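Features reported for this protein in Swiss-Prot:
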ACT_SITE  Tyr583  active site, for coproheme decarboxylase activity
BINDING   His193, Glu285  Fe cation binding site
BINDING   His606  Fe-coproporphyrin III binding site
REGION    1-330  region 'Coproporphyrin III ferrochelatase'
REGION    382-456  region 'Disordered'
REGION    460-683  region 'Coproheme decarboxylase'
Amino acid sequence: MTANPYAAPTDPLAPYSAVLVVSFGGPRSPEEVMPFLRRVSHGRIPEERLADVARHYDRFGGVSPINDATDVFVNAIGNELRRHGVRVPVLLGNRNGTPFLEEALTDMHAHGVRRVLAVVTSAYASYSGCRQYREEIATALAHAGITDMQVDKVPPFNEAPGFIRANAEALMQAFMRIPPTPLEATRVVFVTHSIPDSMQDASGAGQPGTDYISQHKAVCERVAGQVRQVFGNMPQWDLAYCSRSGRPSDPWLEPDIIDHLRSLPEQGVQSVVVAPIGFVADHMEVVNDLDYEAAEAAKESGLAFTRAATAGTHSAFIADLAGLILSQAAAARGEGGNLTSWPAPCVAGCCRRYPDAQDIPAVSGGDVESVAAGADVVDAEPGGVDFVPSGSASAVDRPGPEAVELETPPSPYNPLTKETPMSDHSSADSVIEGPRDDEVPAGSYTAPTDPRDTPVIPEEVNASSKWAMYSVFRVATALPAEDDERRRLVEGSDEWAGQSGVDTRGWYDLSGLRANADLLVWWVSDDPAVLQDAYHRFRASGLGRHLEPVWSNVGVHRPAEFNKSHLPSCFAGIAPRRWAAFYPFIRSKEWYLLPAADRSRMLREHGIVGAASSDVKASTLAAFALGDYEWILALEGDDLARIVDVMKDLRYVEARRYVDVDTPFFTGERVSPVVWADRQMRA
């Protein structure tokens, strides 16, 4: 690290001159595995037992997956902050791996850094996820003899909308990886790190609803709510825990994920999606405990199993985290407040290891000065009973950024034992309303987050007249060879059609994707007569005389039967994307005679599969009596391969049995009229 020239008062991050991402750390080579385990276990576990645990790393080549994940995370935060004009460095310091926390702090101090903002890789407030990090920063400062550096900490970020969105989208993507299953036979199990009951009792900010369990339940409810909002439904969900450690006699949060998975078949569950909302990245606990052990338990229980991704470096999550960092800096300058309900610095007494634990020095807290701790911290180590490994449930079996590797004294409380441990954590929405009566791979309207898009009011769209025409042509005679002449021909024809009052959503180059068609023009209007006028004008234009019609159809938006808030993307404020695929379809006669509940169930499954691909935008319009089809559908996306993926995935749903016709397809790239003409045959 070179001398820091960025500690300028004009930097958006002033008064901070560095951001320090603090993570758990892990071995970066096979040679580091045993030293890492000795460090994590504090010498309390025999060497032969550590050797057994070390074998967990063999399947990863002796390298913890946390390292790559954290490195990418640090880079993502740095890049996002630079977009906001931040020039101060974003660095990494690990508690148990290189680069070590003390080394990072010492290096920063040597280069003149005196005020640091720390971001820990834990979204939730508890001793192991918050206070322990603050204590270890203070201890590292004391060990290094640094007494003139202030380290503040970003508050827990589980409330961040981007964190919720990242987990919701990961969950919807995961639905695509399980076989088609009735909603009532599908279960979502949200998973987080288990902690001792005594740590749960002392977690949070001391206010009702801020404890560890309540934080997770709130996130589960918000993630489930977003999934339900996207396509109108959400399977029943539970909250379970992984990575329990310590003495078997000490109570920890339950149910354990393995035990819970084994209980699901007797509840009629056939498919399960495990969503690790308690973790920010794919580290050892996620990959080993869920991808291997939980997956094996599910297989043994006859369950179809998949695991959703962690939030990782999802763009919305990183953007919100950068916003929290900038907000903290503004608050430190006296220019604003925090963007979350969590106090910064932490309130006195929050997130102790257990309710009566004696505080030791910690940075960024109301009960201890937010400066380097005194020299007496050097020998301070949390006390407690000797660590007793419990089979494969040892804390060092699953090291990760939120691992609880320190033993916990017995809780002074008597935790309530429940006959149904999931009763406090299960969604009440076991009966889910179905989505709309069409083939749209997206559901209820949500305000757009892409800057290209604009919000609309669904009720106004449903109350208005919204029409579209899709007209396909082939080049019958060569276009002019001279560039200016060809450009005038095309631009004049487009302008002449536009004088009808129509809006042109796009020109699409079909060449090569079909042998008999070269152009599709997508027009939209509030009046079908305007669409007809535009078509007549285009056919009579100079360009029109070079073209022959291949296919043309009209559709109109009608409020959906099962989900009135579903809107076609073309009328929902969604900007056109680079690629589009257009096709008609006709349902079978049997479809319309099915009970509404059956159609709703099948469309609900269809919606779960399709809505997981939120990057592909769908516009389904009714075409009854307007031509030979019942529906006209357009799929738009920035990546043509993603449109292919969506169409393939939708072949596996039950509603597909009730489709008689779903061709022809017209697929092409959206281009300007001039670009399209430049690509065509010339005289």
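Glycine is no exception: its Cβ is also placed from the backbone N, Cα and C atoms.
Nearest in space to Tyr583 (active site, for coproheme decarboxylase activity), taking C-alpha to C-alpha distance over the binding-site residues His193, Glu285, His606, is His606.
When the Cα atoms are compared, His193 (Fe cation binding site) and the residue listed as 'Fe-coproporphyrin III binding site' turn out to be 33 Å apart. Working note on the binding-site residues His193, His606: by count of other C-beta atoms within 10 Å of each C-beta, His193 ranks first. If you take the Cα of His606 (Fe-coproporphyrin III binding site) and the Cα of Glu285 (Fe cation binding site), they are about 33 angstrom apart, rounded to a whole number. Across the region 'Coproheme decarboxylase' (460-683), the prediction's mean pLDDT works out to 93. Other Cβ atoms within 10 Å of the Cβ of Glu285 (Fe cation binding site), summed over all protein chains shown, number 26.
When Cβ atoms from all protein chains are considered, those within 10 Å of Tyr583 (active site, for coproheme decarboxylase activity) total 20, not counting its own.
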